[in-house]
Structures are given as structure tokens and as C-alpha cells.
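Participant: A single structure is presented below for examination.
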């Protein structure tokens, strides 16, 4: 007769959990090759922020001087956090929620916070993709529709009136703009089609979306260098203004820029690295992705500042030509005697001979440096500055199409990461019933996102997008990253983490990684967070309104946020990170309940009931209840259920 071997229940559970973990590793989808994975991470990290926010900060803080704190932030904050996220995702092979729950049940809220940030950022990021589609469709017209508009600021008019149809303030909501609704629906359909099969489909699309922007930037650079005034833009970019380094806000913006530029704390990088084989050199991956990202920021700034120099020269020449015409008419000087070359000499001469008459003419102040400093930031850099430069180029339709295809690729590759940061944790937690196909669940997430993002298609939509961009992508990411690095270094254990990296890469992390993970990076994150809160608390938040009735129109009307809008701003900053203490509190209360249930199971009668119930012979509610709780705990942490 066969002998029945009975194992202790704890050993059965351990064997089952180990088997399930191996099954998860075997069945987890993966990319086709290493190049595809690196392109996916680079595409996620390199986005629109490299094209508009980095050049804007360089211009704001004196060009080349900004590069010094930027590089320091990259070395001591960006690269260590990037390496940590890639390594921990690759080792544990889970999404953000599963990773941090595995390290400690009390850290599960960190993954939930990352997931919420990815969801909220994806909402407004895809709205930018919708704007890009709108401009792309219009780029085939001849002439370009933003060349000739009812007023002299044609590019601004097409952006603010024809595209956004903006209301004069955020309190006036306006109606849904049907053309933007259609573009937004198209954008989400494109994202869904590219993402329908998860990492397998994303890998195929990333070859184009991650590499094409570099081709377009190179073409733009070569062409822009031939424009008049290009050298002025380059000189302005690389001029060092050492006085700006005394401003603490320069260091704050440099730290936050490298942080946001690398897409840290979104959960997307953890999700992508979880599809890697565990024997992979994640340290090399982090260095490649981080350095390529920073190189892209600088490389993208060169054509932008070249175009800025061209536009500044053109605006300065137009300003001087207006003054020349005014002086010619006022002093009856022969046409053509005053030129751009001798304008300064004539102005000095007339100021000496008849200063009162010159003063009465109210001539414009024409200064090239001033025009160089008047660069648009944020969305305006892409949809105003570049489009204004494109209409001055030969074959402008071709340049417009290339430019907006480039922006489309940058946005789409970043959206892959945002959506992956939402879907992977939900799928790893087994929240989705197995009978729902992954394609259907992905479509449901896209549909919900589209419905919520309709707020950005209102007449006040651009104001709300700026709020999401400013408040969702700032404080929450700093807090999440701080808890991430504390969890790895002091909860998971830095020595254990070093052992994992040595097992995966074949060598132990050097002193640079040790010092940054243990001390430097947490300290920098804490300082940046405190400095950000202090600086923001000292000022009342304002926003730029496009109001045709403003006395200084077409300049922006700077308004203060209403109290109810400011309350929403605070809510957006708090909403994602509030999951961190809530989940920790829930885990604490659940553990207390499990301890109480464990005490009950120590009774002899309970043990008898337990043995019978485990073999399916008895279903006693007083015995089954604690194991139901334990089963629920396992499901929350991504484990399979405990057999009853």
C-alpha cells in the first residue's frame, strides 16, 4: 500500500508560494531583445520635457550656468534613483505596487501612489498628444493656417483662439471644443492600438517612436544653423552667468528637472525592467538611459536656441525698422538714408541735435538681449516659437509635418511608460478577473482616461492642464522617490540589495552607489522637498490668462487662482501620496487582526477543526475566518490564494 506523507501546513504554503513565484517568472511576458528594452526606457524617459522645459530653464538662469547644478543633480540624485528602480524591478519582477508590498507590507502605498501619479499624468500628457494631432492635420495646408490670421500676432492667435478657444480666465469654463474632443479620442485610440498586447506590442512601436526624434532634431539643427542670427542664440545658450548660481531656486529647479526628466517615481521604469531576465546588467542600463536622456536635453536645446536667436534678430530688426520709419517721417530724412547698419549712429546724432523731438516720438526700445530673454515656456515653446520659425523656412509644410511627427513620437513613447505604470500593478495584484481579456481591460482604462480628460477640451482646459502639470508632477514625485530609496536602503536592507545586484550583474555596487543610496540621495530629496514647499508657501499661486480685453494685450494677464481652484491644486498634490499612510495604517490593523486570529488557532480544538477544514471535511466559520483574512492579505501582496 502507498504511504501518505503529510507535510506541515506552513511548509505546504511555502512550497506553493515558491512554485507560484517560479511560474510567474516563467510566464511573465518580455521584450524581444536588449536593444528594444533600452529604447523603451529611453523613450519613456526622453519626452516633451527635454524639448521645452530644459531649454526654458537654461534661458531663465543664464544659459550655460544652469548646466552646473543640472549635472550635479544628475550624478547625485538622478542616476542613483534610476539604477535603484531598474534593479529592484528586475530582481522582484513585479510592477510598482507588487515591488514595494514585497519589500514591506507597510510600503505598499508607495506603489499605489506611483500608479495614481502615472494615471493623472497620463491624462494631461495625452491631451498634448491631441494638440499635436490637431497641428499635424493642419500642417498639410498651403499656406499654413497659422501664417495668416486676423491680427498681427498670427501664431499666437491660431494657438489661443483657433486651437484652444481659451476663455479669459479659469472660472469661465466654456464649452467642449468638438475638434479637440475628436483629436483626444484619436490620441487614446492610437495609444490603445500600440499598447493592445502590452510589452510585446510596445516593443515593436518603440523602434520608430524612440529614434525618429533624433533624426528630426538633427535635420532641424543643420537647417537652423543657416538662419540669420543663429550664432546669437548659441552664444546666449553657452554664456556662463555665474551670479545666477547664488540663487537657491536655480539648484531647486535643476534637481527637479533631472528628476522629472528621467521619469523617476512613476512606476513605469520598474514595470519595464520587470520584463527583463534577472541576469542582466542593470547598472549599465541605468548609466546608458541617464546619460542619453541628459544628452538629449542639451542636444535639443541647440536647435531651439538657434531658432530663438533667429526670431530675436527678426523681432529686433522689425523693431528698428519701425523706429527708422518714424524718424524718417518726423525729420524729413531721405528714404534709405537710415539703415539697420547705421541706425545706432543716426539715433545718437538726432538725440544730440533735437532730443525733445526724439523723446516725443516714443520710439520702441530695441534690444537684442531683451528679445532673446522673451522665450515662450511650456506648451508655448512647441506651439508658438517653433511654428513661428517654421513659416519662415522654405517648404514650410514639410518642416511642420516633420516637427509634429517628432513631437508625436516623443509623446507616444512617454505615454507607453505612463500606461504601463498603471496596468502592470493592477494586473500583478490580480485585481482584474481572469475572465476579462487583457485587451479589454486596457481598453477600459483608456476609455476612463478619455472621459476624465475631457476637462482639458473645455475653453478653460489649458488652465487645468497647467495645474495638473505643476502640482501632480512635482511634490508627489519627490515624496514617492524619498520613500522608495528609504525602503530599499533601510527596510529591504542595503546589504541584501547589494547581494541581489551582485547576483544579477556579477559584481557588487561600488562606493559611489553605496554613498548615494545610503546618504546623499535621501538628503538631496529631503532638501529639495523642503525648499520647494518653503518657496511655494511664500507666494500666492498665479496663472497666465489670454484675455483680449486686457489693457496690455497681447501680453498675458497674470491672475491669482480663486480659492476653490487653489484647494484643487492642493488636493492634486496630496491625493496620490495620501495612499502611503492609508495603506500602512490598513496593513497595521490587518496584522493585528491576524495576530488575534493566530491566537485562536493555537487552541487544541481549533487545531482539530483546522486539520479537518484543510482537507475539505469541515467548514467551521470560527476556524475558516482567520484563514480567509490571511488569504486576503496574500492577494493584496500579489501572491496566489491559500488553499482552503
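Along the chain as shown, residues are numbered 1 onward.
Heads up, the Cβ atoms here are built off N, Cα and C, so glycines get one too.
Per TrEMBL, the features are:
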TRANSMEM  37-55  transmembrane segment
BINDING   43, 45, 46, 50, 261, 293, 410, 414  Na(+) binding site
TRANSMEM  67-88  transmembrane segment
TRANSMEM  109-137  transmembrane segment
TRANSMEM  176-195  transmembrane segment
TRANSMEM  250-275  transmembrane segment
TRANSMEM  287-308  transmembrane segment
TRANSMEM  398-419  transmembrane segment
TRANSMEM  440-465  transmembrane segment
TRANSMEM  471-494  transmembrane segment
TRANSMEM  515-535  transmembrane segment
TRANSMEM  564-586  transmembrane segment
TRANSMEM  593-614  transmembrane segment
Participant: Answer with yes or no whether the transmembrane segment (471-494) touches the transmembrane segment (67-88) by the criterion of at least three Cβ pairs under 8 A, sequence separation 6 or more.
Facilitator: yes
Participant: When you scan the chain for residues with a C-beta under 8 Å from the transmembrane segment (176-195), skipping those not six or more beyond its ends, what do you find?
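Facilitator: Contacts of the transmembrane segment (176-195) (Cβ under 8 Å, skipping residues fewer than 6 from its ends): 126-127, 129-131, 133-134, 163-165, 201-202, 205, 412, 415-416, 419, 442-443, 446-447, 449-450, 453-454, 456-459, 461.
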Participant: Pairs of Cβ atoms less than 8 Å apart decide it: which stretch in 109-137, 250-275, 398-419, 471-494, 564-586 has the most with the transmembrane segment (440-465)?
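Facilitator: When the Cβ pairs under 8 Å are tallied, 109-137 comes out ahead.
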Participant: Is it true that the transmembrane segment (287-308) and the transmembrane segment (398-419) have 3 or more Cβ pairs under 8 Å, skipping pairs fewer than 6 apart in sequence?
Facilitator: no
Participant: Pairs of Cβ atoms less than 8 Å apart decide it: which stretch in 109-137, 471-494, 564-586 has the most with the transmembrane segment (250-275)?
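Facilitator: The listed stretch sharing the most Cβ pairs with the transmembrane segment (250-275) is 471-494.
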Participant: Take the Cβ of residue 261 (Na(+) binding site) and count every other Cβ within 10 Å, whichever protein chain it belongs to.
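Facilitator: I get 24 for this one.
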Participant: Would the transmembrane segment (564-586) count as touching the transmembrane segment (515-535), i.e. at least 3 C-beta pairs under 8 angstroms with sequence separation of 6+?
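Facilitator: They are not in contact.
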Participant: Who sits close to residue 50 (Na(+) binding site): which same-chain residues at least 6 apart have their Cβ under 8 Å from its Cβ?
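Facilitator: Long-range Cβ contacts: 261, 293, 296, 297, 300, 410.
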Participant: Once the chains shown are all counted, how many other Cβ atoms turn up within 10 Å of the Cβ of residue 293 (Na(+) binding site)?
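Facilitator: Its Cβ shell of radius 10 Å holds 24 other Cβ atoms.
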Participant: Six or more residues beyond either end and a Cβ under 8 Å away: which residues meet both conditions relative to the transmembrane segment (398-419)?
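Facilitator: Tertiary neighbours of the transmembrane segment (398-419) are 40, 43-48, 50-51, 118-119, 121-122, 125-126, 128-129, 132-133, 135-136, 139-140, 144, 190-191, 194-195, 202, 205-206, 208-210, 212-213, 216-217, 219-220, 223, 263, 266, 268-269, 271-272, 382, 386-387, 390, 442, 445-446.
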